[in-house]
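Report on one structure; see the data block that follows.
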Amino acid sequence: MGPLFSTTYAGKWLGLVTAIWVQAICGNNYTFANYSDALKSLMALTQLELNNLSVAKDVGKAFGLLSGFASDCLPTSVLLIIGSLEGFIGYGVQWLVVSQRIRPLPYWQMCIFLCLGGNSTTWMNTAVLVTCMRNFPKNRGPVSGILKGYVGLSTAIFTDICTALFSSDPSTFLFILAVVPAVVCLTAVFFLHETPPASRPSELQQETQYFHIFNGIAIVLAVYLLAFDITGSHGQFLSLIFAVGLVTLLATPLGVPLYSILSKPRSNSDIEQPMKEPLLLNQSKKPETTTAGVKLEDLDRKRPLIGEDHTIIEMVQTFDFWILSVSFLCGVGTGMCVMNNMGQMGLALGYPDVSIFVSLTSIWGFFGRIASGLLSEYYIWKFGTPRPLWNAASQVLMSTGYVIMAFALPGSLYVGSILVGICYGVRLTVTVPVASELFGLKYYGLVYNILILNLPLGSFLFSGLLAGYLYDAEAAANDGGGNTCIGAHCYCLVFVIMAITCVLGLGLDMLLAARTRTVYAKIHESKKSIIATKTTDHSSSIKC
């Protein structure tokens, strides 16, 4: 199936727009709290059993290694088709159960279908991230921020649409999760594909301008969703108006490729020469200090430096990979525990409807993703600041959020949801370009999915084991026993342990930032050289 617009400049941007749409429906893994109570009551589950269902959903990400391998030999369109079919089947069966069209399946079968639904997003994410990182290699931070930002908004988009039009009905919510992603992915099949990256300073400048537009649209969308959430209940008419406005905002990015058709970049081929600088400038031309001058026969005997393309075996043999991986686990593992248990956390603190907390985590996660992508890129360009420092800062905020929720003061769940959302978004966004900058783009699809293994591992450790066992123990200690716990004590110890875990992650992120400062100094010099090239070409143009 050949991609459309493959030979036009607008096709590159139309591909990015469809990538944004795919990411806007990829947050279905974070919506478990919206229908977990329905599954718990229909299947008569304990909290530990329910948490293990959520772990099964996250275990689907472990099979993302398959999509990583496939990304090296299959086109983007095939990855999207596989993801859409898996999601349709996985969430479709859950819809049949929750809507009571079929009897509840045995527990192990439900685990399989939740795993299938969870795995569907790995195919979508791999297709989008690998393609876009290769299409825009000089703007990895902004690209990661935009795409991961829309993933952050995805949960709020699904939740608010279902709240506005279907009164938060869990069966309708699952029907939307099954159908909408399949339709969007099948649409993206025609437009999202790899294209040659920008090769001239003027093209890079236009990329930057377009990314600012995409960020502006995304911020307006996030504020729009936030306004809907904080203004309370709405009538049927206002809810319909909100839904129409939301669809309109999601379609707005189409303006960029339409504008690019009318405003193609000037070629200036007789003046402006393509850039040939690599991402990392070599500091020396001598063979003994850089692989740039190593003879071909010596390549097999020389281990790549950090910042160069690594094979998977070479990557896992580096200390930096394990620092990045464990610190990532500390952040996303604890964050997934909060998102998977939000329904029961809210109930324990007297909030039977947790849709507002799910949306707050999603929307503020978006702001964390967008801000960290832009700021980390700016500070690399301006000062050569190591990108992992932003992960370290997120660990500080996240541990603060857990301490606040542990005290269970009035409004603490609101504040905690916001802080956890921001920091979870920062971690996902910053780690994506860090992995490519340290280990290269050649095997990036597989590298990304190896890091994503920390999501199911973190879900199992912090949600399945820690939160599940401690919650059931507190529930059993109540008068009369049962499987429901009410009160601040239900999750207090869980929050304290997760806060300590984030402090450990903080130390690891600081260590990685110190170890990679030379890499980011080289990236800084590379970006400066691009600006210098543009200035020189502009001066030549004036003289001509």
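Including glycine, each Cβ sits where the backbone N, Cα and C put it.
Pulled from TrEMBL:
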DOMAIN    12-257  domain 'Nodulin-like'
TRANSMEM  78-98  transmembrane segment
TRANSMEM  110-130  transmembrane segment
TRANSMEM  150-166  transmembrane segment
TRANSMEM  173-192  transmembrane segment
TRANSMEM  212-230  transmembrane segment
TRANSMEM  237-262  transmembrane segment
DOMAIN    309-520  domain 'NFD4 C-terminal'
TRANSMEM  321-342  transmembrane segment
TRANSMEM  354-381  transmembrane segment
TRANSMEM  401-426  transmembrane segment
TRANSMEM  446-471  transmembrane segment
TRANSMEM  486-508  transmembrane segment
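Contact between the transmembrane segment (212-230) and the transmembrane segment (354-381) holds: at least three of their C-beta pairs are under 8 Å, each pair 6 or more apart in sequence. Counting Cβ pairs under 8 Å to the transmembrane segment (446-471), the stretch among 78-98, 110-130, 354-381 with the most such contacts is 110-130. The transmembrane segment (321-342) makes no contact with the transmembrane segment (237-262), as judged by fewer than three Cβ pairs under 8 Å among residues 6 or more apart in sequence. Listed as Cβ neighbours of the transmembrane segment (78-98) (distance under 8 Å, sequence separation of 6 or more from its ends, same chain) are residues 22, 28, 35, 38-39, 42, 60, 67, 70-71, 104-105, 110, 113-124, 126-127, 170-171, 174-175, 177-179, 181-182, 185-186, 188-189, 192.
Confidence for the domain 'NFD4 C-terminal' (309-520), expressed as mean pLDDT, is 90.
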